[in-house]
Amino acid sequence: MGSSERSEAFGTPRESDMSSGDEAELEELRREAAMLREQLEHAVGSHGGARSARDVHQLEARIDSLAARNSKLMETLKEARQQLLALREEVDRLGQPPSGYGVLLATHEDDTVDVFTSGRKMRLTCSPNIDVSLLRKGQTVRLNEALTVVEAGTFESVGEISTLRELLADGHRALVVGHADEERIVWLAEPLVADNLPDGHPDALNDDTRPRKLRPGDSLLVDTKAGYAFERIPKAEVEDLVLEEVPDVSYEDIGGLTRQIEQIRDAVELPFLHKELYREYALRPPKGVLLYGPPGCGKTLIAKAVANSLAKKMAEVRGDDAREAKSYFLNIKGPELLNKFVGETERHIRLIFQRAREKASEGTPVIVFFDEMDSIFRTRGTGVSSDVETTVVPQLLSEIDGVEGLENVIVIGASNREDMIDPAILRPGRLDVKIKIERPDAEAAQDIFSKYLTEELPLHADDLAEFGGDRTACIKAMIEKVVERMYAEIDDNRFLEVTYANGDKEVMYFKDFNSGAMIQNVVDRAKKNAIKSVLETGQPGLRIQHLLDSIVDEFAENEDLPNTTNPDDWARISGKKGERIVYIRTLVTGKSSSASRAIDTESNLGQYL
């Protein structure tokens, strides 16, 4: 082959790919390759192909070795060049001057922008790479050393928290209150402006992407130096009070409270469903309902069932699908409202009713349910270490009696110490209807048991065989037997002996302290015993003995926790309201090995409720 072809085969590098330091070595390789070519040509020309085959083979091997060395050297040189370029870029980057940041205030038609940076407002030019039309007010922008906008960032995510007092008429500014009640006017960043623009405005968000509009009292993230509010910050203690959708509890899920359910339906549902009749008879619907009675007897369940039933009835009246019925149930636990800071509890109450009115203005029923009402709306003047009730109670009264009114809003309170609630809340015109949720008697207990012991449960084969395989009869017999055991006035069921001021004594049994929650506990214990029995014996199914054992365990567990209250409550339970209780003695000797013990009614009663 020709010399040029052989040069290409040898892979001789071009001058442009080499550095001056390696030229000597490459030149030496070229001379050596040229000498080898001459020797090869001389050998072929002088002795012929057959005679010099061995020499030709050696020369070709030598040429291949040189070509490989040349290729490796080229790769090394390329790698070194790339490293040099990377180092040069790093040096250039480290040598760049620092960038500054600012908040965009406004844009102009000549592609200049107003930016707040370093504590001053400046008009700056933009880099050609920046599309000024895409910039948004309140956005963070990056500036080079010449104070030219070179990059658009996001909106600020840290800053001070201020409270929105009101939105100004232009919709782009707001009055906020900061630390130490300092008022200031700030601009709203474009996301907040778009949230609050009216429907139909070209920049307004659609209903799917629009968050709720700003309201007085909202917390805003504010940059006080730039004068911008960037986003609404939800407060945890306020967001815990958000409106809950329709509860999934119906009246059919509640047992043993038929009379009380009828009372509350008359008080709540009739005014909503038959407004015309109420107007015709000039009858004012009640503003509120108080559910009171011992704990664990279904007060909260009834309130949730009211919201569920009301939503479905309203949907029927309007001709809507009952499955899409809507009402709102605002569940407020009294202790959640308490706050150590002066005025915070009252602010929470105002927010609760403000949100309730907003939802009710759409024609949707709203139920505001205060659980543990006695914990916050106590009788004024009874506080030992705090007088918070002196301002909280008037705040609730002003919301109920306020000039704004409570259209489509019903207030339901629940308490097991109704005697501690301020009387002003309970007078007619406020919580008009008062319904006592009593402890279940034997008939009510059977109804409650039937909600938990259903025919779908697996029953033991032996128990089923006694009733010829009739599951309904077996379940009914189970319920009757367990209720009979629970309500029997036998020695095993004795709990307390009460002594009255006139010397009379009365024995109280566990049935006097029974509740729906206790019945549910009994059934749950029995189901757990049935599961353990399956694991131990392999025989599936619930037995009557599981239920009877659960009653014994439940009574024994309550032995050390007698649900004692003040003497007036004891008199209310026993039916002797005119007699004062002076002495209480426990009669149970279950899991505790000690004998009957006395309870000092003067000091150890109130904390058990």
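FYI, residue positions are counted from 1 along the chain as it appears here.
Each residue, glycine too, has its Cβ placed from N, Cα and C.
It should be emphasised that the depicted structure is a prediction, and the values quoted were computed from it without experimental measurement.
Listed in sequence order, VAL249, ASP253, ILE254, GLY516 are the same-chain residues at least 6 apart in sequence whose CB falls under 8 Å from the CB of LEU301 (ATP binding site). Taken from Swiss-Prot, the feature ATP binding site covers GLY296, CYS297, GLY298, LYS299, THR300, LEU301.
Residues annotated as coiled coil in Swiss-Prot: 17-96. Mean pLDDT for the coiled coil (17-96) in the predicted structure: 75.
The region 'Disordered' annotation in Swiss-Prot covers 1-27.
There are 24 other Cβ atoms within 10 Å of the Cβ belonging to LYS299 (ATP binding site).
Neighbouring residues of the recorded ATP site, listed in sequence order and excluding GLY296, CYS297, GLY298, LYS299, THR300, LEU301, comprise LEU291, GLY293, PRO295, ILE302, ALA414, ILE437, GLY516, ALA517 (Cβ within 8 Å of the Cβ centroid). Counting other Cβ atoms within 10 Å of each Cβ, the lowest count among the binding-site residues GLY296, GLY298 belongs to GLY296. Secondary structure at LEU301 (ATP binding site), as computed by DSSP, is helix. When Cβ neighbours within 10 Å are tallied across all protein chains shown, the highest count among the binding-site residues CYS297, THR300 belongs to CYS297.
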